[in-house]
């Protein structure tokens with residue numbers, strides 16, 4: 001057993017040293033792998049920054065985090081391996097020390113046992129006399145034996161070695177130290193068992209020592225017999241056998257620890273292999289990721305190009321659809337006009353044939369009327385009477401009437417024109433023979449009736465002249481203007497001459513060729529610098545057609561308005577009945593323009609609203625407001641800057657048929673912004689340019705700028721819902737009822753998105769509160785109360801003229817009348833109800849439309 005304990009005193013240290021070498025190689029491999037990862041993390045981002053296809057920021061961060069995690073795992077494994085090597089080294093030293101202490105203790109026990117056996121043998125060989133002498137000299141030799149016996153000294157050494165062994169065992173049994181691991185638990189349990197066995201051996205040694213002392217101290221009664229000593233010797237041998245078995249168990253534990261260490265080394269090799277496979281997988285993943293990223297970028301670029309192409313195609317289709325719609329509308333209106341003209345020409349042809357048949361019966365009378373060949377003077381033009389004048393003049397008059405007058409305005413023109421307003425006084429014999437029918441207004445205005453009037457006798461003409469002289473004194477100012485130049489007209493039937501060459505010479509087809517168009521443009525340019533009171537007839541017509549964009553009323557204007565003074569003197573009833581303007585917005589536009597020119601003659605110049613034509617209002621302004629869906633109705637109503645200043649909520653609901661309350665409020669808010677800036681387009685555009693890229697001055701923001709702001713505050717997924725919604729800067733600032741809930745409703749944000757609602761509220765609070773505060777301060781400085789566009793009446797004291805101080809018009813036009821009257825512009829620019837109009841027609845006996853029934857005819 002001693003050979004077993006002392007043959008290999010450094011066996012555990014050598015085994016753990018070899019395992020430490022393997023672990024050191026593993027640590028070096030991990031160090032090289034860690035250096036490779038660190039080199040990749042340091043140099044790879046710089047290399048990627050110079051490449052064209054780089055990682056996205058999120059992908060680069062993910063890769064760096066993965067590399068850092070792998071490096072951390074490698075460093076952790078390296079630290080654990082180094083710690084395990086140190087623990088193994090310390091464990092080997094402790095085991096070696098414990099084994100040495102145990103072998104020394106066993107050696108001491110063997111020596112003591114051998115000494116005890118020798119003494120027992122000596123005692124068994126002694127006689128009883130020696131025993132008695134022993135008993136007598138016991139006290140004398142005890143002290144000497146105690147001093148000179150080498151076993152006593154050996155026991156003292158054993159006590160010291162026991163203390164050393166105890167210290168080594170206590171260090172091995174210290175489970176609270178940080179060096180204890182799961183691999184050492186079984187070994188320490190075995191060491192604890194060995195320590196218990198050593199403790200038992202020590203107790204047995206103490207018992208034997210005690211027995212020896214008892215045997216030396218001796219009385220014969222206490223001396224042990226040889227049989228008992230043999231029994232004790234057998235017990236000691238059994239204990240030695242148990243110690244040998246414990247040592248064999250320790251050897252088995254050592255072999256098991258060796259196997260566990262081999263398994264640990266294999267696990268480390270497997271870990272290294274796994275790390276290599278993971279590294280290869282990571283490299284494959286990086287390569288695949290780069291390839292997929294390039295493919296996705298190419299796909300995104302292709303989709304972006306396709307989207308741009310589809311957008312262009314969409315806008316091209318919209319533009320083509322719009323142009324086709326406009327062209328179809330124009331063609332439809334032209335076809336309707338041509339069909340009406342064909343129908344009326346057929347009717348006129350039929351009546352001309354009937355007139356020709358009637359004229360063949362009255363040849364002597366026609367020759368008697370056609371004999372005078374002197375020229376007839378009508379204003380500034382002359383016509384020569386020919387033999388076939390009655391028929392040709394009647395046909396020519398009917399053709400010109402059909403060519404120049406709109407079908408919708410024919411009745412008004414018939415009522416206004418002097419040659420059409422006469423009452424039937426004579427019925428020819430031929431017409432009585434055809435059926436004794438009474439003359440109707442259509443029969444009076446027909447060429448047949450004009451032809452029949454030539455067949456009347458001189459007595460009928462004299463009666464007609466006397467009636468005309470009686471009614472001549474009741475003509476008004478406008479009728480005297482219209483009758484100017486007619487006093488020199490010959491006394492023939494006005495149906496033959498008034499509407500023949502005079503009309504054809506004054507109202508030629510507008511802009512029929514390049515010279516007429518150039519002349520009209522030159523005349524329209526003169527309206528900018530020349531007062532309206534100095535305008536001539538051509539200037540008035542060019543202004544109405546080019547500047548006011550009302551060519552449909554040129555026929556009636558050329559018949560009834562001969563100068564700018566006449567235009568300034570027209571009343572509201574004259575605009576409706578004299579020019580045939582049935583649309584209230586068209587009448588209002590013309591009335592506002594006349595009043596603006598009237599004020600310009602006082603030296604103030606035209607208002608800023610005059611620069612805003614109906615094309616700008618219907619296209620640009622409505623697009624900025626965010627309501628392009630109403631562009632067509634504003635274009636049809638010819639709404640320019642002046643009319644825009646006069647529009648009320650009632651007009652938008654009744655005339656423009658806008659039923660959405662918020663759209664009405666949006667338009668009124670935009671009009672209020674124009675009034676605040678005096679309709680200065682340059683000022684508005686300058687302020688919008690300044691705040692295009694800054695969140696300032698929201699009151700002038702367009703609908704497109706509001707959509708851009710919505711995208712800037714991270715709500716781009718809802719920004720497209722503001723298209724055609726009517727939300728712009730003026731309604732956000734000037735309308736006090738507009739809030740974050742209104743904006744959220746327009747954006748169609750769900751009610752359960754509370755965080756988005758809160759975010760929108762905070763952003764609108766930051767944007768609108770300073771603007772509304774500045775607006776209130778501006779109103780207080782100017783001393784004008786704030787007006788809410790959501791109220792029923794937008795203005796109460798100021799009129800529809802863009803000027804603030806406007807005098808009263810002499811033509812019953814008061815610009816200080818509120819624009820929110822129940823009857824929109826009835827007393828100012830509009831038209832009264834039909835019942836009131838009939839009363840007005842009955843009262844105004846001096847009006848040229850109702851002041852006479854026939855034309856004076858002289859010098860027949």
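Each Cβ is built from the backbone N, Cα and C atoms, and glycine gets one as well.
Since this is a predicted model, take the numbers as computed values, not measurements.
TrEMBL lists region 'Disordered' at one of the ranges 88-109, 110-131, 132-153, namely 132-153. It is 778-807, from the ranges 778-807, 808-837, that TrEMBL records as region 'Disordered'.
The predicted model assigns the coiled coil (184-362) a mean pLDDT of 84. Assigned with DSSP, the residues of the domain 'SAM' (621-677) fall into helix, strand and coil as follows: 42 helix, 0 strand, 15 coil. DSSP labels the residues of the domain 'SAM' (535-600) in these numbers: 50 helix, 2 strand, 14 coil.
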